Amino acid sequence: MLSEQTRSLVKATVPVLQQHGVALTSHFYRRMFEHNPELKNVFNQGHQHSGQQQQALAMAVLAYARHIDDPSPLLPVLTRVAHKHVSLGIRAEHYPIVGKHLLASIRELLGEAAGDDLIQAWAEAYGLLADTLIGIENGMYGDATSADGGWSGWRPFRVAKKEIESEEIASFYLEPSDGGALPAFKPGQYVSVKRFVAEWGLSQPRQYSLSDAPNGEYLRISVKREDAAQGKPAGRVSNLLHREVQVGDVLELSAPQGDFFLHEERDGPAVLISAGVGQTPMQAMLGQLLKRGGREVRFLHAARHGGAHAMGAKVRQLADRHPQLKVHVCYETPRAQDAIGVDYQAAGRLNLADVKGIALLPDADYYLCGPLGFMRAQRDSLRGLGVAADRIHYEVFGSHPGDD
């Protein structure tokens with residue numbers, strides 16, 4: 001428990017964090033990587049170069065300072081962070097390194113304003129946060145290790161099959177190199193994949209949703225090749241996977257993690273809403289729902305056009321075999337060869353108000369995944385159509401769709 005004085009000192013830094021938070025976290029990462037360069041193999045260097053990670057950490061530090069009197073509302077966020085940490089192999093021994101450089105960065109940036117009392121207050125606050133995360137993560141590591149077919153750390157997998165799904169998405173079917181069992185993960189979860197990037201001289205982890213239901217034979221990831229666009233550099237790891245990785249190659253994987261997953265204990269309808277590569281966790285959910293049977297399923301998907309639409313034929317075949325599955329696909333800019341009524345059902349952007357007859361079902365759970373703008377629009381649309389907040393489950397690849 002933090003003292004009132006400690007909490008007051010931490011809260012007093014909120015205005016500074018609002019104004020200079022990104023400067024602080026940018027300085028922190030530069031400092032930490034200079035003194036502990038081995039950690040570059042743990043952190044996504046693409047996010048470092050884009051500034052995305054610095055921005056995310058600045059927002060997290062600010063949120064913690066604002067909630068220092070009662071951090072309990074942050075528990076869902078901390079749980080999400082812990083899942084990510086476990087997938088990256090972050091352990092208790094990493095926290096003192098982070099704390100050392102965070103406190104040093106506060107002192108170096110604030111100068112005389114960062115007196116000993118303030119540094120001590122933040123040391124205590126960081127210690128409490130670290131202990132909380134370590135406790136959550138230790139539980140997750142234990143669960144991953146004790147599960148049938150589970151493991152901790154990195155496990156080698158052989159690429160048994162590589163399948164081109166669209167102009168920009170490829171699927172990799174991965175079998176354990178050790179011939180061992182696989183865990184019954186929760187559909188919607190992800191794994192971290194580690195690949196050496198020669199250009200940087202670093203191993204780099206990336207998170208990819210598992211795109212097929214648990215089957216005991218393989219894990220499947222479906223990776224979008226991130227091309228350079230609008231000043232944004234190409235994705236190093238996704239391009240390496242597309243260009244270099246072939247059948248027979250070996251990839252290192254973490255055990256499945258993530259707090260976005262299908263609620264299998266419920267028996268009402270499930271409505272899966274996605275855009276682009278955001279359909280990958282939905283594919284795992286869809287496969288599991290149809291395998292188990294007994295629930296109405298809706299699969300709503302938005303793509304730019306048929307060339308970018310992955311797994312469309314597979315979903316159509318599933319709909320032909322399973323009458324409880326209804327599919328609605330929107331192409332924003334369909335090509336001449338894209339057949340309406342076959343490849344897609346509507347042109348333009350997905351508007352749930354236009355498909356209420358398909359999408360709105362009593363007692364349904366709604367699962368959303370896609371780009372941030374898409375996510376906010378679908379979430380707001382569902383709320384406007386009367387869907388309760390606790391029936392909407394979502395995952396954004398990148399940022400969280402919270403209010404600005």
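Backbone N, Cα and C define each Cβ position, glycine as well.
Worth saying up front: this structure is predicted, and the values here are computed from it rather than measured.
Copied from Swiss-Prot, the annotated features are:
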- 1-138: domain 'Globin' (DOMAIN)
- Tyr29: site 'Involved in heme-bound ligand stabilization and O-O bond activation' (SITE)
- Lys84: site 'Influences the redox potential of the prosthetic heme and FAD groups' (SITE)
- His85: heme b binding site (BINDING)
- Tyr95: active site, charge relay system (ACT_SITE)
- Glu137: active site, charge relay system (ACT_SITE)
- 149-404: region 'Reductase' (REGION)
- 152-263: domain 'FAD-binding FR-type' (DOMAIN)
- Tyr190, Arg206, Gln207, Tyr208, Ser209, Val396, Phe397, Gly398, Ser399: FAD binding site (BINDING)
- Gly276, Val277, Gly278, Gln279, Thr280, Pro281: NADP(+) binding site (BINDING)
- Glu395: site 'Influences the redox potential of the prosthetic heme and FAD groups' (SITE)
Candidate recorded positions Lys84, Gln207, Val277, Gly278, Thr280, pick with smallest Cα gap to Glu395 (site 'Influences the redox potential of the prosthetic heme and FAD groups'): Gly278
Distance [Cα-Cα, Å, rounded] between Lys84 (site 'Influences the redox potential of the prosthetic heme and FAD groups') and Gln207 (FAD binding site): 9
Cα-proximity to Glu137 (active site, charge relay system), 10 Å cut-off, over binding-site residues His85, Gly276, Val277: His85
Candidate recorded positions Tyr95, Gln207, Ser209, pick with smallest Cα gap to Gly276 (NADP(+) binding site): Ser209
Alpha-carbon spacing, Gly278 (NADP(+) binding site) to Ser209 (FAD binding site), which is rounded to whole Å: 9
Sequence-distant neighbours of Thr280 (NADP(+) binding site) in its chain (C-beta under 8 A, six or more apart): Tyr208, Ser209, Leu210, Ser211, Ile221, Ser222, Cys369
Pairwise Cα distance for Tyr95 (active site, charge relay system)/the residue listed as 'heme b binding site' [Å, integer]: 11
Cα distance (Å, whole number) from the residue listed as 'heme b binding site' to Tyr190 (FAD binding site): 12
Collapsed DSSP category at Glu395 (site 'Influences the redox potential of the prosthetic heme and FAD groups'): strand
Closest of Tyr29, His85, Gln207 to Gln279 (NADP(+) binding site), Cα positions, recorded positions only: Gln207
Chain-internal residues near His85 (heme b binding site), provided their CB is under 8 angstroms and they sit 6+ positions away: Leu133, Glu137
For the binding-site residues Gln207, Gln279, the one whose C-beta sees the most other C-beta atoms within 10 angstroms: Gln279
Whole-number mean of pLDDT values that fall within the domain 'FAD-binding FR-type' (152-263): 97
DSSP three-state assignment (helix, strand or coil) for the residue listed as 'heme b binding site': helix
Conformational class of Gln279 (NADP(+) binding site) under the three-state DSSP mapping: helix
